[in-house]
Ligand SMILES: NC(=O)C1=CN([C@@H]2O[C@H](COP(=O)(O)OP(=O)(O)OC[C@H]3O[C@@H](n4cnc5c(N)ncnc54)[C@H](O)[C@@H]3O)[C@@H](O)[C@H]2O)C=CC1
Ligand SMILES: CC(=O)C(=O)O
């Protein structure tokens, strides 16, 4: 996409939306960023503040309404209720379905070439619902999925093995939720199997998996919400789309192999998902993947024929 292309962030008066915009204005490929929220006073203030942060990189930041946002090249949805301490992401589904439905109605007619990036929770379920309501091709609608969890995992492994996070290829898979799991069998560092590193011999994989999945709960318990981490994930994915980068990220995308939306590595380009990668999973991981897919499908079915 050309510099100056339009990115709409819906829900950007809130923690996550504003953090996505803040991360995005710190990237060097200038876009026309439209901030949309039902809280018009707050979003106006956020847009003015974030425009002040954008002068070194040349992004344009302004408020817009849903109709204008519907014509954007990239539409990022962060609007919705967030978890209270101890609350599961699933508990947000009914409330956030209503919000998503009203937003997608307000966006109409949606630019047929738009890419939609879903971030509101439960993200894997809402991504499938967003695709169904917009009628856009499945490749053009994807969610941030387990990218944040995979980043959390890389942080842990980087400290353990003393290599940089970006040199670690290890994905959290399945669901950005409680059924997530780590694809240990496909994990590599510099082409070497993760299990071959001596530091891996003494660690408790089940505990790491559990701690990664618990991270959001711990942050919410301590400060009420999580937003900087996902803000960076939103900007990374937006940049992959805007610059047609063909980056591989674990995101929530439609997989023909699994027959539905699920979090797995995919190639991200200006049209959204260029290709879904199918990892070689071992038997235990395959069972976990099937379980995650069934959970996501089961919840999606309540809202999609
Ligand atoms: N996928 C991920 O990795 C993550 C997802 N999240 C999710 O992101 C969502 C937002 O979280 P926060 O920003 O912390 O919440 P927040 O309460 O700070 O912000 C939500 C914003 O949505 C707006 N909003 C509500 N209904 C709207 C509508 N119909 N149209 C436009 N705007 C509307 C609100 O006015 C508010 O500004 C939650 O669902 C949360 O669970 C949060 C962190 C990570
Ligand atoms: C809130 C949330 O989904 C997270 O930080 O993982």
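Backbone N, Cα and C atoms are what each Cβ position is placed from, and that goes for glycine too.
Not measured: the values here are computed from a predicted model.
What TrEMBL says about this protein:
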ACT_SITE  176  active site, proton acceptor
BINDING   11, 12, 13, 14, 15, 16, 17, 37, 96, 119, 120, 121  NAD(+) binding site
DOMAIN    5-143  domain 'Lactate/malate dehydrogenase N-terminal'
DOMAIN    146-301  domain 'Lactate/malate dehydrogenase C-terminal'
Fewest other C-beta atoms within 10 angstroms, as judged across 15, 96, 120, which are the binding-site residues: 15
Mean predicted confidence [pLDDT] for the domain 'Lactate/malate dehydrogenase N-terminal' (5-143): 97
Other CB atoms, at most 10 A from the CB of residue 17 (NAD(+) binding site): 28
Other C-beta atoms that fall within 10 angstroms of the C-beta of the residue listed as 'active site, proton acceptor': 32
Long-range Cβ environment of residue 11 (NAD(+) binding site), under 8 Å and at least 6 residues apart: 17, 36, 37, 77, 78, 79, 80, 120
Nonlocal neighbours by CB distance (under 8 Å) for residue 13 (NAD(+) binding site), same chain, sequence gap 6 or more: 35, 37, 39, 42, 43, 46
Local backbone state of residue 17 (NAD(+) binding site), from DSSP in three classes: helix
Nearest-integer angstrom distance between the alpha carbons (Cα) of the residue listed as 'active site, proton acceptor' and residue 15 (NAD(+) binding site): 19
Residues of the domain 'Lactate/malate dehydrogenase N-terminal' (5-143) by DSSP state, where helix covers H, G and I: 63 helix, 25 strand, 51 coil
Three-state secondary structure, which DSSP defines for the residue listed as 'active site, proton acceptor': coil
